[in-house]
Amino acid sequence: MEKRRGPPPCQSKAGCSNPAKIRKAKDGAQLCGPCFSKSFEDDVHETIINNNLFKRGERVAIGASGGKDSTVLAFVMKTLNDRHDYGLDLQLLSIDEGIRGYRDDSLLAVEKNRVEYGLPLIILSYNDLYGWTMDDIVAKIGKKNNCTFCGVFRRQALDRGAFKIGATKLVTGHNADDMAETVLMNVLRGDIARLERCTNIVTGEEGDLPRAKPLKYCFERDIVMYARSNQLEYFYTECIYAPNAYRGYARKYVRDLEKVHPRAILDLIRSGEKVSVKKEVEMPTLKTCERCGYMTSQKMCKACLLIEGLNTGNTDLGVRKSKKSKKVIVETEGEKKEDGGCGSGGGGCGCAGAADETENEETRKRLKDLQF
Amino acid sequence: MNIMNSNNFTSDLNGKTCVKCDKEAKFTGVDPKKAWYCQGCFIQMVRNKFRSALSKKKIYKDADARDTLVVYDGSPSGTFLLNQIDDALKQITYKRLMVKPTVLVLVSETEEPEIQQVIKRVAEIKENFLENVNWFIAHIASCLYDEPLELKEFECNGVEKITAYKSLLASCSVPTYKKELERMLKEKCLQKLAESLKVTKCMVTDDADDLGRLALDQLCLGRGGSLSSLVTVADKRNDFMIIRPLCDLSKREISIYNYLCKIDDHYIQFSHTQSQEKSVQTLTDAFIRTLEDEKFYSTINTVLSTASKIHNTNGKDGSRCSMCYVEVAEFHCETCSAIRNSCSENLDNIFS
């Protein structure tokens, strides 16, 4: 019996005769480099068309961190926009969290993308927006819970940045693994409101700026292979503050699932898509933040609450439900009624009663400049 | 420092008092940071959870439908269920539970000596619980019968289908789907046996730990919208209902209760040889164990609470999948289609 030598032929539907080099994680197809790239791009195009993600002439902000997902997103969006003539005005939007030795290096990768793809780039920093860098925050609160601050601030910062450049849509590089992890995290945390909407390909339509996830059905492994086969330069160092115990376990579980039963990733997303909250369950209502005007289900948005905690030294505020933090909120609100202040002795507090008028004015102006 | 050792549960008591009375606390549920109880209050708390699971859904409000198949699988949870039904009928602690039970010993072992051991052990256990009600022993392979069975006492019904059952499972090439198929066949078996006995309700031994794991498994299999049906106390399927009265009780609580009530030796020891094949189910089990080891004790509770608050986007209406009976589908849901495709043997005759 003759033994087969070398790699199997490419399984592309186009009838390519090249040897296969890459196994596509999503469907297990063995493909050559160019056919893999074409198949990946076709998947993203199909997602965009089937879900009617964009309108012709729209200005779309691409959330770019310099990592693999956003680098591939920027490249694919540019490629598909040119190939299929979507007529989109694409712009790169980066957020500088202020993490020395991590974000400053990754922003260099974004800068390279700007030059290579010829897309305009805007960078907003936490320092400009909130008066705090992540390095400052970690110095203040330690390494525990810092992802809560970073995640909340980044989400808002991206929205504010997109508004600043006049974008009508924001696209992010969330991939299938991220989506599966989010579904799982929302179930584990019991966050039914987020569970219901987290798998929507476009979110935030009820607000002013919809966010779209064109890579929603792309596996992380395929994104890495696409970046490699197209020789895309990306920054691949993990955030130096990243270790986050609980999410870390969920991430490992999702990765193990992908190895043992790859279909579980898409099934997790499918599960999330099918979920809706029972009528009898009470849900939070959407309001606007009293301080900065951003959407929230509470009086103050999470970002303002976290800044409040940082400025007043109560770093549990907005992080955990402790009696102490609740007491502080009550006290803060009480004092606000009396003298219009938030209790901060300065430190960048934007409310009317803060002690340092100059800093107070600066923070308020910073937030108001970027208001919706 | 006072240290308690009972049934392999070591707890640091550290001068705690019972949350229900002023006695010294000795026992706690899943999370040692939460409530601690004295022996009497712990037993009461566990009983309360069992009874409230049944009463809050008003499962036995209909006087015509009290006939219930009570499943016993030899596990500590099975022993606890028998004990609770026994107590409830004797009206020991509460108002009498208006249920007419028939005990079904469900056997999943496939070797003849082990099946004989089950029959022998059941005769001993029967002397302690529910001796005045009917007991039937049936193998899970009974699901393969086309017609309702004529169940016989004192023998294991359905053993003649064991070879076909083993062959069916062996024909499934994906380990995850094999385990899911096993679960679905078990439910099918219960439905078939209930139908044979003309009973519409069936109480199963799934406790909170089992159901929490099942919820995550089903989420990974794409049945997220049906979690509520799969893991809450009442699961209505046309003219058949699966009742899970242990859904609020953890294995730990059940084991402590069994130990305190001296019923912990009324179980059947099996020499289970767990499959070494990696699957979604084994990963979920490892994941939950890791979280518990890292002191995230509330994981199971949160997952079950989340599952109880959600339902399928398509609503309750529409035809159900003819294999799993929970997903909304014209014929087969996507997961069941994948299971069918992974089996070389035809599943249509079983799930028709």
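Each residue, glycine too, has its Cβ placed from N, Cα and C.
Please treat TrEMBL annotations as automatic predictions, because they have not gone through curation.
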| field | A:Gly63, A:Ala64, A:Ser65, A:Asp69, A:Gly173, A:Asp178 bind ATP per TrEMBL; candidate in A:Ile95, A:Ile99, A:Ile201 listed for that same site | value | A:Ile95
| Fewest other CB within 10 angstroms, which one of the binding-site residues A:Ala64, A:Ile95? | A:Ile95
| request: Please give the greatest C-alpha separation between any two of the ATP-binding residues A:Gly63, A:Ala64, A:Ser65, A:Asp69, A:Ile95, A:Gly173, A:Asp178, in angstrom, as a whole number. | output: 19
| note | DSSP output for A:Ala64 (ATP binding site) maps to coil
| query | Which state, by DSSP, holds A:Asp178 (ATP binding site): helix, strand or coil? | reply | helix
| task | Taking helix as H, G and I and strand as E and B in DSSP, count the residues of the domain 'Cytoplasmic tRNA 2-thiolation protein 1 C-terminal' (A:288-316) in helix, strand and coil. | result | 11 helix, 3 strand, 15 coil
